[in-house]
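Take a look at what TrEMBL says about it:
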ACT_SITE  A:His55  active site
ACT_SITE  A:His106  active site, proton acceptor
BINDING   A:Tyr58, A:Lys102, A:Asp516, A:Gly553  ATP binding site
BINDING   A:Glu104, A:Asn554  Mg(2+) 1 binding site
BINDING   A:Ser105, A:His106, A:Asn107, A:His108, A:Arg127, A:Gln256, A:Glu328, A:Ser329, A:Gln330, A:Ser556  substrate binding site
BINDING   A:Asp128, A:Asp284  Mg(2+) 2 binding site
DOMAIN    A:19-59  domain 'Phosphoribosylformylglycinamidine synthase linker'
DOMAIN    A:85-199  domain 'PurM-like N-terminal'
DOMAIN    A:213-372  domain 'PurM-like C-terminal'
DOMAIN    A:459-578  domain 'PurM-like N-terminal'
DOMAIN    A:592-729  domain 'PurM-like C-terminal'
Amino acid sequence: MTIDTVKHAETTPDQEQPFRELGLKDDEYARIREILGRRPTDAELAMYSIMWSEHCSYKSSKVFLRKFDESLTDEMRSKMLAGIGENAGVVDIGDGWAITFKVESHNHPSYVEPYQGAATGVGGIVRDIIAMGARPLAVMDSLRFGKADAPDTRRVLPGVVAGVGGYGNCLGLPNIGGEVVFDESYAGNPLVNALCVGVLRTEDLHLAHASGAGNKIILFGARTGLDGIGGVSVLASDTFAGDDGGGKRKKLPAVQVGDPFTEKVLIECCLELFQEGIVVGIQDLGGAGLSCATSELASAGDGGMHVYLERVPLRATGMTPAEILSSESQERMCAVVAPENVDAFMAVCGKWDVIASEIGEVTEGERLVITWNDEVVVDVPPRTVAHEGPVYNRPIERPADQDALVANGPESLARPTEPADVLKTVLTMAASPNLSSRRWVTQQYDRYVRGGTVLAQPSDAGMIRIDEETNRGIALATDCNGRFTKLDPYAGAQLALAEAYRNVSVSGATPIAVSDCLNFGSPEDPAVMWQFERAIQGIIDGCRELGIPVTGGNVSFYNQTGSTAILPTPVIGVLGVIDDVRRRIPTGIGAEAGETLLLLGDTRDEFGGSEWAHHVHGHLGGVPPKVDLARERLLGEVLLAGSRDGMVSAAHDLSDGGLAQALVEACLIGETGARVFLDSEQDAFTQLFSESAGRVLVAVPRSEELRFTDMCTARQLPWRKVGVVDPESESLEFQDLGQLPLGELRAAWEGTLPALFD
Amino acid sequence: MSVRVGVITFPGTLDDVDAARAARYAEAEAVPLWHGDPDLKGVDAVIVPGGFSYGDYLRCGAIARFAPVMDSVIEAAGKGMPVLGICNGFQILCEAGLLPGALIRNSGLHFVCKDQWLKVENNTTAWSSRYELGAEILVPLKSGEGGYQATQSTVDELEGEGRVVFRYVGDNPNGSRDGIAGVTSANGRVVGLMPHPEHAIDALTGPTDDGLGMFLSLMDEVVNA
């Protein structure tokens, strides 16, 4: 095997290199040559091409993402311990506890290989959390698929769900929530966004630094193989054709294969290493593998780094330096360890049967030097690989058809007016793929492991107790309605933020931070960049108004079915804190004898982008519901006060499907009937199905009703009594319309997904 | 007197923290035991918890059964020490020959996590004396390979001797023979079940606190011994 060394590169400046096949543009390649003052070696080219990819470098989004930091107020900054740019954001939640959380996409691999794509998505985000020095606490997943009854959805969805479950269950992390949404735009490009949340003591925060010359670099976890090499295989086939005795190299799938058992052991091993205090810095190996880990660790430190690549434990023979550097084999971590602690480090790894190898050291100087059997194959300034990649100001243009889309409002859609038709619509909507019970999916996820789960699906938010002594806990919710974002990306992103914020509030927790996963089409399409720019601005302005920072996240571009971009889907995850999880607010009604149902907020005639327009009419047009973030904040404060003073016995956010769906779910989850009184001033259909934002259905014990409504009135939060809970009743009754037996509702709500996917 | 309950951790064990918490809720002292260490540390009873020991590679429980600690558990069980296997622990006890039968893939072919009603069919074991005979309890079930299988003669023997401890109520969630959720050894000291009583010790974090009875039963057993 001939290795392309730095020395060889210096003497062969004109050698053709397959940089275009690796995704580099001509000017990007020229810039690499300028940085190095020569042509890159194969290994260097592999590193730059991966690290300068859209996925790793954020080259199209960087100019926008900078605005997140610039927009932080003192209020927002006050609880942030780490923000965008670290593996995951970290916030202080009091009592010496810190929480780290992040959402990340694994969309494209999940289309190619649903099970492994989803599984390794979970594995990757969990390692991001460990790399902050935290114990992973729970996972959530936000999933989007093509039409529920499309043949390919039957291939993709069961595989993705089994992958999320297969990996997460084996790691021992409760899955506490998420989303499953169907829309035709995701048919050829499902979204698999995985969220992980972890906990640590504030003093134990580990940032990825390679400081201190002489410190050792230790690679530990799984061996490095040929899986997930993807594009870099062109280097092997072009440059090394025939090196293996003429035979073709065995092609391995570009999607990595996960081994959750190895990851579980790796988690426990890392936690013990943190506890022993023998880690200076730590970095996970995810996308871009060692290329990313070594260049990022070296960039973040105060020196250079020397890596001896031949020391990397391999699981394939004949791997080239470029392949080793770009392999995305899963379940690997890289640590920086002081020389005197190496033995102790190895002992902990030995206890957990984790393979660990000292592959290099921190050096004086500013170069990342990688050798292969004493020959230099990489010699680069690490920041140019990790952080100083290209930055693009992509053209932005409002889509030509946006005006037509907005003009085509839902006003002309036929609405049910007869009582029987309205009732039938309640059933139809409850059984629609997007509103029906997610039980078929969530039943495949372990929500109990580790014994801290206080709320999980089908609750609006997941909630985990983090301290058994004090009962302090956290709540999490993820949301996005891509139809709203399509109609108005700015308002749509704010509605996603508002919904996640509200979902955390209805659990009784106080929202404190945001992580986002921005899924969009091609950044080379000016119309997509317009959606992206507007959505980001919406999130930034929204977060300022709500006073909570975005602490991290992920951008995923090039999501399209054929040449059509997906609905713009900025998934927003909101983290909340609750000082005592025993006062959590459940979603189901009927926990206490004699409850009154109140609707908080205003209901307007708002059907643009609604689930009703989508499911019943296949319509998308008009404008999304009005955003009022001050109202969302007020709602949060009222729910918090209600929870603190024991005035609220259940609460459920109103979103897709409106009041009707909220009532159906509150009854079915609580296994209790209710009688609903509609307002004679407004038509029944609008009251039941409008998706006006800023609304919550609450159940209050009759004894607390007056106190609670007085508080709402005093704080100028509109409220209306909409019914009473009736534990004796087996039906959901709408005054003047008729009643629906709970059994019939349950069959409609729970029957849809099993019928489609069993 | 303090009752010491050992909780084994294998690589890939997940519910060891939960089992230890359940023991503490019953006011026992939870003692961590390590798969590679045959020392049982003088415990009065052992819980083999749930999870995916050794990744469940090869076959659930097949590798864990050969861990050094299991030799000690088998020996101690032979002398009458109470042993409880939950989920993966049940699978391990079956592989180790401490309990009859085997667990196979759920009949629905999916991992199932749900709150499951169980009927108490034997309240004379070391782990079930606190329950009324015929009582129905609600505890989580969460497993992909929870279908209990045994030969007809073994099932006849178990049923005949009253060694079925728990049976699923309502729809059979995983295709177990005769709806068997948990069984016991001939002397009633070793119990294995697929559902998770350790996840039902507090209505805050579980569906009920119905599972706590198993750990309180053990306390009675050890203290009154």
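Using the three backbone atoms N, Cα and C, a Cβ is placed for every residue, glycine included.
Unlike curated records, TrEMBL annotations are generated automatically.
These figures come from a predicted structure and were not determined experimentally.
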Just jot down the residues in the same chain as A:Glu104 (Mg(2+) 1 binding site), at least 6 apart in sequence, with C-beta under 8 A of its C-beta; none if empty.
A:Gly121, A:Gly124, A:Ile125, A:Asp128, A:Asn193, A:Ala194, A:Leu195, A:Cys517, A:Asn554
Short question: which residues 6 or more past the ends of the domain 'Phosphoribosylformylglycinamidine synthase linker' (A:19-59) have a Cβ under 8 Å from it?
4-6, 8-10, 12-13, 65, 231-232, 234-235, 238-239, 287-288, 291-292, 295, 320-323, 325-326, 370, 372, 377-381, 384-386, 389-392, 523, 555-558
Using the Cβ centroid of A:Tyr58, A:Lys102, A:Asp516, A:Gly553 as the reference point for the ATP site, which residues of the same chain not in that list have Cβ within 8 Å?
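Everything else in range on the chain: A:Leu65, A:Ile84, A:Val103, A:Glu104, A:Ser515, A:Cys517, A:Leu518, A:Val550, A:Gly552, A:Asn554, A:Val555.
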For the recorded positions listed here (A:His55, A:Lys102, A:His106, A:Arg127), which one has the lowest count of neighbouring CB atoms within 10 Å of its own CB?
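Minimum Cβ neighbour count within 10 Å, taken over the recorded positions A:His55, A:Lys102, A:His106, A:Arg127, occurs at A:His55.
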On a C-alpha basis, identify the one among A:Ser105, A:Arg127, A:Asp284, A:Glu328 that is nearest to A:Asp516 (ATP binding site); the candidates are the binding-site residues.
A:Ser105
Output the one of A:Gln330, A:Asn554 that, of all these binding-site residues, has the highest number of other Cβ atoms within 10 Å of its Cβ.
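Highest number of other Cβ atoms within 10 Å: A:Gln330.
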How would DSSP class A:Glu328 (substrate binding site) in three states?
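DSSP call for A:Glu328 (substrate binding site): coil, neither helix nor strand.
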Need a quick answer: max count of Cβ pairs under 8 Å to the domain 'PurM-like N-terminal' (A:85-199), which of A:213-372, A:459-578, A:592-729 is it?
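Stretch with maximum Cβ contacts: A:459-578.
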Take the C-alpha atoms of A:Glu328 (substrate binding site) and A:Asp284 (Mg(2+) 2 binding site) and report the distance between them in angstrom, rounded.
11
Determine, using Cα-Cα distances only, which of these recorded positions is closest to A:Gln330 (substrate binding site): A:His55, A:Lys102, A:Asp284, A:Gly553.
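If we rank A:His55, A:Lys102, A:Asp284, A:Gly553 by Cα distance to A:Gln330 (substrate binding site), first place goes to A:Asp284.
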Among the binding-site residues A:Ser105, A:Asn107, point out the residue whose Cβ has the most other Cβ atoms within 10 Å, with all shown protein chains included in the count.
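When each Cβ's neighbours within 10 Å are tallied, A:Ser105 tops the list.
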Looking only at A:Tyr58, A:Lys102, A:Asp516, A:Gly553, the residues listed as binding ATP, what is the longest Cα to Cα distance in Å?
16
Can you tell me how the residues of the domain 'Phosphoribosylformylglycinamidine synthase linker' (A:19-59) break down into helix, strand and coil by DSSP?
25 helix, 0 strand, 16 coil
Using the residue listed as 'active site, proton acceptor' as the reference point, find which of the recorded positions A:His55, A:Tyr58, A:Arg127, A:Asp284, A:Gly553 has the shortest Cα-to-Cα distance to it.
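Going through A:His55, A:Tyr58, A:Arg127, A:Asp284, A:Gly553 one by one, the closest to the residue listed as 'active site, proton acceptor' is A:His55.
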Of the recorded positions A:His55, A:Ser105, A:Asn107, A:Arg127, A:Asp284, which one sits closest to A:Gly553 (ATP binding site) when you measure Cα to Cα?
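Result for A:Gly553 (ATP binding site): the nearest of the recorded positions is A:Ser105.
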